[in-house]
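Visitor: Sending over a structure as structure tokens; questions will come in a sec.
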Amino acid sequence: MDDKTAKPDLSGQCGQVQCSESVTPTDLSFEELRNKFDTSATHALVRREIASKPSTHGSATRQVVSGKIFKKCKSATFQIDGATYTIVASPPGGAGAPREEAPRPPPLPTPRNGTPPKQGALTIVRRSSSRSKTESCSTPTDEQLDQLDLETEHLPAVDTPDACDKAALRLRYLLRQLNRGEISAETLQKNLQYAAKVLEAVYIDETKPAVARQQSAPTLVFRRLADEDDELSEVQPDAVPPEVREWLASTFTRQLATAKRKSDEKPKFRSVAHAIRAGIFVDRIYRRVTSTALMQFPQDVVRVLKTLDEWSFDVFTLHEASNGQPVKYLGYELLNRYGMIHKFKVPPTILENFLGRIEEGYCRFHNPYHNNLHAADVAQTVHYMLCQTGLMNWLSDLEIFATLVAAVVHDYEHTGTTNNFHVMSGSDTALLYNDRAVLENHHISAAFRLMREEEYNILQNLSRDEFREFRTLVIDMVLATDMSFHFQQLKNMRSLLSLAEPTIDKSKATSLVLHCCDISHPAKRWDLHHRWTMSLLDEFFLQGDKERDLGLPFSPLCDRNNTLVAESQIGFIEFIVEPSMGVCADMLECILGPLHSGNKSGTNAATEPTIDENSGAESVNKFKIRKPWITCLSDNKKIWKEQATKDAEARANQEQEENIEVQPPPEE
């Protein structure tokens, strides 16, 4: 698996963090405690002193920093491989230092897309442990599991330290009970939902490893946590008080100006997972109060979005539940679900404004088909491809971000007419883009022009390199939705897949995925597909009316008096959609096969065993994704063929009646 998607295991039971709010005098001063942590010779002594009195370091105060009121816990106690530590959040000057002049966060050396970030770094470094590598957290005994109560009413909140341990214990118990067949479906569902929420609460941000910079000021960086032997693990907060951040940086990081240690004296944690958990809970103490509230969703929208992971998601129901704003809620949900809002520091209000304007652009020309419903449908289908096939594990965070945004804006300000109509009618848009991918160029250009405005700039916190990569990816993906590139795109991918060891470019892969999702409605459930077909034909017929008025020849399927609906859909399925989905599936299996074979934890839920055609034996080695579109395409094509037969009979009967009417009366 790509190191950009490797996620640390947070399911262990070690590493509990507790924030104490009792006002108790400390036995060690701030300077004494810090010196003991910094000096390796006294490291073991400090551990014993803190472990013997775990509650002696803590108080809660309220303080104003940068005009914001937050609740600051002065200490947090956590366990790492059996040893207990305490992070003391006293000011650098000691417990009695004045609080009026809290240090401000130092400016970052590199501005992000023209807007300097407001945060410094929060970094946690692993400290060495004297325990052997073979020693690990204890596993609950059968007697402990037998005493477990599976009721979920009185469980701790999912973002508290106890929640991880409770969830881990319950999962072990559920596994045992499933093997015995002694658990009800309702109890299983409730406990799995609780465990899933706990995992979401402790989700770790992952981006590209930041290059170390030689500056004295703490730097805002992310660090990917690939294994437990990494020397440095960095966790980035959204809202940590400056003095706490500065102390953590000087104590637990390798900042040259503040941490004056020799290289051989750098402290290390034995387990990355435990150190990360400690950092997360310290981070969440402050983030809960100071982070900006996310957009509120109506209950009807929440109910509909529960089916967001289904292939045949009903976007029409979402349109009704959202009062005609499916792009706003679905786009926001996807970007939040994939962690893009937090990872790329997208201000929630800015994102809401951006999605609102995108929705307005889709509704500008009142198109029957290329409207906000279509945008939401394509975005949801892209989500299915990313999530349910496992494609997201192959892509970086920035590539996922670009793919989701490209899906949302791919038909922005569509005019309801084809590129051919713009060229034949000599529209201003065709003149601007020289008759080449007229609409697709406009969708991209208009979307990026919108994001140049401050109140809609969801990319304001990207670095210049990130912005360039993001823009290139979006341009490539949206241009690939031009149907004039369809056959060449499939031909190129087939040729690539025919190689012994194909190397697939990520831009080409995501472009093909978006293109297939754009034309995927015939591969959805019949009631959805039929509704989309009627809307598309309405749009084509309206274009045909304009062509007739302008004296232009009718474009294919645009003459409302001479279009064979059933036959056209059969041809569209057989020659366009089925081949496209087949090539896309082959590409995904080629890409994800190596990732799947390297996964030792078990079979991916999005895969299925295959049958060897020669031996008839089941092959578990060949990776295959699930393809729900195959059944839908087959069913829809069968219905259209039945409809075509009926239509042909109706036309034949009509022609026969017309012939009878025009026959001259017999001569007397």
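A Cβ is built for glycine as well, from the same backbone N, Cα and C atoms used for every other residue.
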Visitor: Suppose you had to name the range TrEMBL annotates as region 'Disordered'; which of 1-22, 595-616 would you pick?
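Guide: That would be 1-22, the stretch labelled region 'Disordered' in TrEMBL.
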Visitor: Tell me the Cα distance separating His370 (active site, proton donor) from Gln569 (AMP binding site), rounded to the nearest angstrom.
Guide: 18
Visitor: Tell me the Cα distance separating Asn371 (AMP binding site) from His410 (Zn(2+) 1 binding site), rounded to the nearest angstrom.
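Guide: On Cα coordinates alone, these residues lie 11 Å apart.
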Visitor: Rounded to the nearest angstrom, how far is the Cα of Asp411 (AMP binding site) from the Cα of His370 (active site, proton donor)?
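Guide: That comes out at 7 Å between the alpha carbons.
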Visitor: Sort out for me which one of His370, His374, His410 has the most neighbouring CB atoms within 10 A, since those are the recorded positions we care about.
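Guide: It comes out as His410.
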Visitor: Where's the emptiest Cβ shell within 10 Å among the binding-site residues Asp411, Asp518?
Guide: Asp518
Visitor: Taking the Cβ of Gln569 (AMP binding site) as the centre, how many other Cβ atoms fall within a 10 Å radius?
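Guide: I get 25 for this one.
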Visitor: In sequence order, which same-chain residues at least six apart have a C-beta under 8 angstroms from Asn372 (AMP binding site)?
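Guide: Correct list: His319, Gly324, Gln325, Pro326, Val327, Glu359, Tyr362, Cys363.
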